[in-house]
Amino acid sequence: MKTIYLVRHGESENNASGTYNTPDAPLSERGRAQAEEIAARCSKLPIDAIVSSTIVRANDTAEVISARIGKPIEFSDLFLERRMASSLQGRLRKDPDVLQAMSEINANLEVPGYRYEDGENFEDLKERVLASLKYLEERSEENILVVTHGFFMHIIAAAVIFGEELSGAECRKIFRGLQVMRNTGITVLAFEDDDVRNSIDGLGSRWQLRVWNDHAHLG
């Protein structure tokens with residue numbers, strides 16, 4: 001069995017200011033403290049490899065973990081956060097125009113082909129999430145730590161639960177049913193690398209969601 005530890009990055013300066021993240025936003029002071037906390041926790045896990053999103057806030061978090069556990073970092077664009085429309089990046093979340101745009105985006109999640117300006121749409125995200133799971137399946141290591149992003153982790157969870165036929169409607173259920181991912185929260189996935197099936201009916205997915213948003217290390 002393969003175990004994947006998904007870790008959301010520490011608090012970024014954009015998180016702290018209530019703005020939508022930009023790719024170059026570093027960790028805040030609090031975020032760096034959170035990174036140290038998760039690094040201490042990861043030092044007790046049997047990590048064979050670290051993979052990180054290339055976005056700065058994830059990179060910063062991964063570097064703290066890497067220094068603590070003595071494993072190098074590999075970077076992959078598969079684990080980037082959802083790419084927001086350029087016009088929304090760096091803007092206050094409570095800005096009326098931003099709220100209207102996000103309302104439109106959320107309302108059209110289930111509409112095939114819908115895209116807001118130059119942002120990623122559902123089909124883009126689904127394709128990337130499925131590719132990321134395939135990438136993890138094909139790696140040789142048994143215990144992989146991935147530093148990534150909150151929205152993307154929800155889509156990964158949805159893909160693990162609903163599989164390749166994942167729809168926008170099913171994603172909506174995941175966002176309603178799972179709590180918001182805390183900064184440096186850990187989500188654990190398991191992948192059976194043979195024909196073992198652990199679901200009740202014996203025909204379940206080889207991927208399983210074992211833990212969601214464990215942030216006990218934050219107190």
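Using the three backbone atoms N, Cα and C, a Cβ is placed for every residue, glycine included.
A TrEMBL annotation is a machine prediction, not a hand-curated record.
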Quiz item: Which of these, R41, R57, does TrEMBL say binds substrate at the same site as R8, H9, G10, E11, S12, E13, N14, N15?
Solution: R57
Exercise. Just report the maximum Cα pair distance in Å for the recorded substrate binders R8, H9, G10, E11, S12, E13, N14, N15, R57, no decimals.
Key: 15
Quiz item: Looking at Cβ-Cβ distances, which residues of the chain lie under 8 angstroms from N14 (substrate binding site) while being 6 or more apart from it?
Solution: Y20, N21, T22, A25, R57, G90
